[in-house]
Amino acid sequence: MPNFTDVTEFLLVGLTRRQELQVLFFVVFLVVYMVTLLGNIGMIILISISPQLQSPMYFFLSHLSFVDVLFSSNVTPKMLENLLSKTKTISYVGCLIQCYFFIALVHVEVYILAVMAFDRFMAICNPLLYGSKMSRVVCVRLISVPYVYGFSVSLICTLWTYGLYFCGNFEINHFYCADPPLIKIACGGVHIKEYTMIVIAGINFTYSLSVVLISYSLIVVAVLRMRSVDGRKKAFSTCGSHLTAVSMFYGTLIFMYLRRPTEESVEQGKMVAVFYTTVIPMLNPMIYSLRNKDVKEAVIKAVSKVNLRK
């Protein structure tokens, strides 16, 4: 029988063991984190103060920005601390808390992306009914479901993580507490956690992605039936930003969580994790602002108002 030991803390290996690269990584990811905060918080404020952005699409976008701020803040501060620290540790309770919020926010974000796809379907395929069908009450209900579901599922998943046992190897080959590297170093409770992780991730990614794919299939059919070239361009421009965000987020998560945790997959997943925990939250505001005429106009008007007050 394995000799299980009580765990009080874990050692986070981080992105690299090379000391000379850690200061460089600290500077790079500090800049990325600050840009992420400024971009997403700026987007939330812009949507709240701009009359032309008071539509369901931007209501959902503000929540996507809010989740991106929480998502990045759950991982990046600890990563930055460990890059400059000699004792790169995280407490056992802190590890479970990080796992809980990470899993919760991943589920919240994938379902917000699904809700945004449904919103685009309603706007393009049912424009005459859009105002009544996507009322403020309906939007609040639609956005509430991802939060309630995500944090509920995460509680169950974290309890299964709590069921893992360790036999002396407390070194996590990652820069935050994630299920695959934790499973890799555990010596008990592994099979049920590994099985449930793959099944739950598979079900939720498949269901939410199906909503996105079905919505966009119907959107493409509707757009191709449009006679107006300008109408087609406008429809594709509003959908292009969302499709870019969906492709990046789903692609990296599927690569990370729908594979069995092996030494090779954990090492590869660490590099991919950098992308969806730090880069994607930074890019989302840029994607939605650079490719969206309404957001650009709202930014110009907001800047003009500030200049007039001076």
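Placement of Cβ uses the backbone N, Cα and C atoms for every residue, glycine included.
The transmembrane segment annotation in TrEMBL covers 23-46, 89-118, 138-162, 198-224, 236-258, 270-290. Under the heading domain 'G-protein coupled receptors family 1 profile', TrEMBL lists 39-288.
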Whether the transmembrane segment (198-224) meets the transmembrane segment (89-118): three or more C-beta pairs under 8 angstroms:
yes
Any idea what the model's mean pLDDT is for the domain 'G-protein coupled receptors family 1 profile' (39-288)?
85
Does the transmembrane segment (270-290) make contact with the transmembrane segment (23-46) through 3 or more Cβ pairs under 8 Å, each pair 6 or more apart in sequence?
yes
